[in-house]
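TrEMBL has this to say about the protein:
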type	residues	note
BINDING	K127, Q190, G222, D253, K396	UTP binding site
BINDING	H223	substrate binding site
Amino acid sequence: VFILIEDFSKAMSQAGNSQFQEVIRQKLEDSMKVELEKILITASSNELEHTKKDLEGFKKLFHRFLQEKGPSVDWGKIQRPPEDSIQPYEKIKARGLPDNIASVLNKLVVVKLNGGLGTSMGCKGPKSLIGVRNENTFLDLTVQQIEHLNKSYNTDVPLVLMNSFNTDDDTKKILQKYSHSRVKIYTFNQSRYPRINKETLLPIAKDVSYSGENTECWYPPGHGDIYASFYSSGLLDNLIAEGKEYIFVSNIDNLGATVDLYILNHLMNPPNGKRCEFVMEVTNKTRADVKGGTLTQYENKLRLVEIAQVPKAHVDEFKSVSKFKIFNTNNLWIALSAIKRLQEKNAIDMEIIVNPKTLDGGLNVIQLETAVGAAIKSFENSLGINVPRSRFLPVKTTSDLLLVMSNLYSLNAGSLTMSEKREFPTVPLVKLGSSFTKVQDYLRRFESIPDMLELDHLTVSGDVTFGKNVSLKGTVIIIANHGDRIDIPAGAVLENKIVSGNLRILDH
């Protein structure tokens, strides 16, 4: 059945025509079922079990996708969260720490979301293996942090990596180098779902293979998949059996997401005696974060609302820094027993994110995904904690990489902390142009990372290189027009400067 998705949407929105809608839906589901069965037949005996599980999960998601219409929130029902549902971090820190913090730490598992590739930064392989500081990768820094905790408190906090089929092999190879570190490392894989042709709403994969020309046929369905994959891997039950009670989940590229003992203590020893099953760290929005998901009160529950769920007429209101002051950092603390209970009841409810992509050959596809934080409404006694901005330090681009490589931060036991010499608690706004997008190009353009302690704003565009020991202060804008080149010489100090044109030597 070949139905354009736009026509499908139109047909679905014709109110009163529910019988017709149901017929279309049923035909689409039947066609999908036939195609998935064809794919399953191509699985070898050792692939069959997990392929079957993946395709079953996908089928459920596809069914829900066909049932849901339009943005998944009713804007009229959105309210500001009650005062006590988002606690300031200072209040939680003020409680101090108990003497037996080691026994509390022994109940914790650190989980890093490690499914992403470094493609957006021009790298092949897992993003976690990109060098970010003194040759250390994201994974190195994570292991160093947990090892430092385990040594300092004589504890046994394990690290769990949620890999995807894209990152699993490379990650497992590299894990051998940590075999003597004081951190137990476990991995499990998130699901592998087929991409759907946007026009036919059928999978583009013809068989189960995902190498060679088939690499673009499959995708990992977002980090919301953690609950089902963690549970079905058997690792969740094993960790509960070992006496573990909470996981701290974060993106592996968020260098601010370190284990916070005050938050952990608040979870394990709640002041009112009632434990939270889910804590989301949020932080104050700046102009750079207006698209971040925000916590709201919705039908008497805390709920994460993402920009994709907002009706078009209300998008500007959603982006308002004054109305929705906070956004989700994706640092989450979740009770293991609650994940098990909800997973067994099939009661974890997450909105579907429809992610459109255009493949290399020009084919338009969609990916159906979910987000880990969206499950907050399914848990009991959820809480938001408004944490300092320093706990949100993601490295998504080479502009972010420049910040974390610079003297704005010092590195200690795998953790980055802002230099005390920086007068402002916020980081400078850095925008590097397309010549810097790929990590190898970026590294070639800096002989050494500039001194940025007094920098407020940096924009660089075009063919620009930096010599050794350059200092940047205030607002610096460097623009090399097409065909021009600007070389900032060694030792240059640029303070509140606009540099443009074609410059090989700069008078300073």
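Here the Cβ of each residue, glycine as well, is placed from N, Cα and C on the backbone.
Fair warning: this is a prediction, and the values are worked out from it, not measured in the lab.
All features noted in TrEMBL, drawn onto the structure.
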residue: K127; record: UTP binding site; contacts (Cβ under 8 Å, 6+ apart): G116, L117, G118, M121, F138, T167, I252, D253
residue: Q190; record: UTP binding site; contacts (Cβ under 8 Å, 6+ apart): G115, M162, N163, S164, P220, P221, H223, D225, I226, S229
residue: G222; record: UTP binding site; contacts (Cβ under 8 Å, 6+ apart): I353, N355, E369, T370, A371, V372
residue: K396; record: UTP binding site; contacts (Cβ under 8 Å, 6+ apart): S120, D253
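Within 10 Å of the Cβ of D253 (UTP binding site) there are 23 other Cβ atoms, across all protein chains. Within 10 Å of the C-beta atom of the residue listed as 'substrate binding site' sit 24 other C-beta atoms, taking all shown protein chains into account.
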